[in-house]
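Peer 1: Next up is a structure, given as structure tokens.
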Amino acid sequence: MAEFKHITVLLNEAVDGLNIKPDGTYVDCTLGGGGHSGLILSKLSENGKLYSFDQDITAINFNKDKFEEENELGKINFIKSNFRNISEELNKRNILGVDGILYDLGVSSPQFDNADRGFSYNYDAPLDMRMDQSQSLTARDVVNDWSYEQLVRIFFRYGEEKFAKSIARRIEKVRQQTPIETTGQLVDLIKEAIPAKARRKGGHPAKKTFQAIRIAVNDELGALEESLEQALDLLNPGGRISVITFQSLEDRLVKVMFKQKTSLPELPPGLPVIPDSQKVEYKLITRKPIVPSEDEITHNNRAHSAKLRIIEKL
């Protein structure tokens, strides 16, 4: 069994937030190391069902071994797919409604810690960053083939990098001489593009650029938005969605979508009764996001930026 070590963040809070019914049908959109799936399974009866998605075959294979007995009993079903295909994949299995859906977003620890995957600026590795290894677009393609304007846009939008233009300009200059093949090369040229004073504060100088490229390679925000829209429609009455985010762009997207779904639309003044078609179908369970305890952050530093938001279908 291939190792897939990952400390699950906000484990109990996210699963408890789903208000699990023992005979219910649930979806874990981000299987990873199986932490959330395992806790959901422990709360299900023999009639309960869990459908666990991951686009990384390493995670699927690891969990097929880990949950071999539950898999044979049909309690857990593994789906190798991007969670943007949630409706299509569940429809194939004649699942038209579910009681809860969980998302634990971002890159899992094994993906970060496996140097060959090219997610981390701490290792020198081929520029890859694909969550789905069968996908054709890689970080190398983005860095070497995308235009200066495209690079500036993703560095600003997905990395919130204020030195986006100088980094993109440096990339453009270097790649005209020789292809940029590795994370180490990319880190070096990012450092060259950022003023020395700025490099000394605010964490690793390549962090924001690497985040931006990773989001672009995997279309993470597009996939999340599409998936959440479908997930909200899939919920049975009383069903809930728990979403754990790790960076501000994801959290903002979830916050805005949940607010829209739980707010009344603008109506003409003086209407005596709100029409049924205009009534709110969802309610927020978390007015403010749930964040990890100091103790959890002490034991798992990667938890420090996590935020959990929960919504329920009425």
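Heads up, residue numbers simply count up from 1 along the chain you see.
Even glycines carry a Cβ here, placed using N, Cα and C.
Computed from a predicted structure; not experimentally measured.
Okay, so Swiss-Prot annotates it like this:
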type    : residues                                          : note
BINDING : Gly34, Gly35, His36, Asp54, Phe83, Asp104, Gln111 : S-adenosyl-L-methionine binding site
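So where do these features actually land, and what's packed around them?
Peer 2: Cβ contacts within 10 Å of Phe83 (S-adenosyl-L-methionine binding site), excluding its own Cβ and spanning all protein chains shown: 25. Secondary structure at Phe83 (S-adenosyl-L-methionine binding site), as computed by DSSP, is helix.
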Peer 1: Given a 10 Å Cβ-Cβ cut-off, pick out the one of the binding-site residues Gly34, Gly35 that has the most other Cβ atoms nearby.
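Peer 2: Highest number of other Cβ atoms within 10 Å: Gly34.
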Peer 1: What kind of secondary structure is Gly35 (S-adenosyl-L-methionine binding site) part of, going by DSSP in three states?
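Peer 2: Looking at the DSSP assignment, Gly35 (S-adenosyl-L-methionine binding site) belongs to a helix.
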Peer 1: Taking the Cβ of Asp104 (S-adenosyl-L-methionine binding site) as centre, how many other Cβ atoms lie within 10 Å?
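Peer 2: Taking every protein chain into account, the count is 26.
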Peer 1: Who sits close to His36 (S-adenosyl-L-methionine binding site): which same-chain residues at least 6 apart have their Cβ under 8 Å from its Cβ?
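Peer 2: Listed in sequence order, they are Thr8, Leu11, Ala14, Val15, Asp28, Thr30, Leu102, Asp104.
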